[in-house]
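Asks: Please see the structure below; I have some questions.
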Amino acid sequence: MSDVASQIIELRPILPFAYARSQQILLLQRENDASLQTICVAQTPPAALLEARRIAGCSLRIERVTDEEFERQLVISYQRDSEEARRMMEDIGNEMDFYTLVEELPDSDDLLDADDDAPIIRLINAMLTEAIKNKASDIHIETYERYLLIRFRVDGVLREILRPQRKLASLLVSRIKVMAKLDIAEKRVPQDGRMALRVGGRAIDVRVSTLPSNYGERVVLRLLDKNSVKLDLELLGMSERNRQLLDSLIHRPHGIILVTGPTGSGKSTTLYAALSRLNASERNIMTVEDPIEYELEGIGQTQVNTKVDMTFARGLRAILRQDPDVVLVGEIRDGETAQIAVQASLTGHLVLSTLHTNSALGALSRLQDMGVEPFLLSTSLLGVLAQRLVRTLCSDCSQPQPVDPVQAEQMGIAPGTLLHNPVGCPQCSFTGYRGRIGIHELVLINDDVRAAIHRSDGEMAIAQILGGSRTTIRQDGLNKVLAGLTTWEEVIRVTKEE
């Protein structure tokens, strides 16, 4: 390593990498005397310099460098020094930081030609560690003509992390395919796999998806951190009313309960929390899933396998011969599965499942479109929970401000009402948000709604029947805005179809 690189690594960066890169500014603190140094380029926005000064709390010594020099110093300067990061890096036997490892990797274009693939393994371990530390749900590895792009999805939003040298693409992709037991020679078709890892002493399930593109394969890693999942209804962010109503529904002896929402809206977590609540020695609880995301002790879990014709419908039929009390169907995707689920609920089983619809009432028409007769649906359905995930405000930097009249009118609140707004600080990577919380709409199927379903009434007619007893998903979001948990912009972002 060069003397200049060694000197830079002695400096600890204060700003998150993504912010430092996008604003082209480095705020560095020397380890031994805590002095600060700022490195930027000619195009660095004045606002970024002011933000660096605000964070530092003092005047700064600014050094302007060329774009090329800034990129080099950006990569080699990022050392993670938190206790958690050090512990996790030690656990995986990795003495260097993710960004430094990228700089230090050997110049090899083909993993199969390398005598030692330990450096690339360390890089993947460091990348996974970095993703877990940032609470990322997905890692995107994208190959373009001139560069390789690595992005993390954090709190539902993609965030650029690093642009390593282009030649690392084949190294990373090949090694990941080996770890996921995929065919490394096959680069023409998409492949799916999974791997179970321990990173920093934590059990991580990783779903791997590869896709050919015009400049090489793209890879997406879905991270399932078994230590971070909240399998408790009281920890899902539901209002007290919705939580109590859902708790009463799942303790009914038979019927269907559905959870709806787009991909990544937390449906599986809600269902797992419900199963954990019901899990007891006197109940036989069984699931059919695609895939099994989290293993639940005391619950029989079966995974769909289309290669051997093990579909949701076939798995559900087999489960019903296993004397179950409660059945979880990971997703109702077709009419056959829907019909079997309805029949199961009518023969003394409690059935939990998910549907990809935008609203709770949309689940009713979707099931009828799948061929479920209205009289069967009205008899079997207990309730539908629609949900989304919104980012929560960072508790370290959010600030209350009076809402302007235009937004107040949109929200239906009094002008001047104090609402918390995102600001941005190092704790939240300058996004203003940290973590996510659910917003929900729970529709209970009462006698009036059953009669409407039996008559094949539309969603609007059923909404009128529910009237004021129904709290829509957007109204629940507004309640969380008023409580200072999130922002109206976040609620609108995830409920645009409302």
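Including glycine, each Cβ sits where the backbone N, Cα and C put it.
Below, the features straight out of Swiss-Prot:
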type    : residues                                                       : note
BINDING : Gly261, Pro262, Thr263, Gly264, Ser265, Gly266, Lys267, Ser268 : ATP binding site
BINDING : Cys394, Cys397, Cys425, Cys428                                 : Zn(2+) binding site
Asks: Pop the Cα-Cα gap between Ser265 (ATP binding site) and Cys394 (Zn(2+) binding site) into the table, whole Å please.
Replies: 20
Asks: So, in DSSP terms, is Ser268 (ATP binding site) helix, strand, or coil?
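Replies: Once the DSSP labels are grouped into three classes, Ser268 (ATP binding site) ends up as helix.
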Asks: Give the distance between the Cα atoms of Cys428 (Zn(2+) binding site) and Gly264 (ATP binding site), rounded to the nearest whole Å.
Replies: 21
Asks: State the Cα to Cα distance, in Å, between Cys425 (Zn(2+) binding site) and Gly264 (ATP binding site), rounded to an integer.
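Replies: With the alpha carbons as reference points, the distance is 26 Å.
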Asks: Taking the centroid of the Cβ atoms of Cys394, Cys397, Cys425, Cys428 (Zn(2+) site), which other same-chain residues have Cβ within 8 Å of it?
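Replies: Apart from Cys394, Cys397, Cys425, Cys428, the close residues are Ser395, Asp396, Ser398, Pro422, Val423, Gly424, Pro426, Gln427, Phe430, Thr431, Gly432, Tyr433, Arg434.
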Asks: Just name the winner among Thr263, Ser265, Ser268 (the binding-site residues) by count of other CB atoms within 10 A of its CB.
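Replies: Answer returned by the neighbour count: Ser265.
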Asks: Tell me the coarse DSSP state (helix, strand, coil) of Pro262 (ATP binding site).
Replies: coil
Asks: Take the Cβ of Pro262 (ATP binding site) and count every other Cβ within 10 Å, whichever protein chain it belongs to.
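Replies: For Pro262 (ATP binding site), the count of other Cβ atoms within 10 Å is 14.
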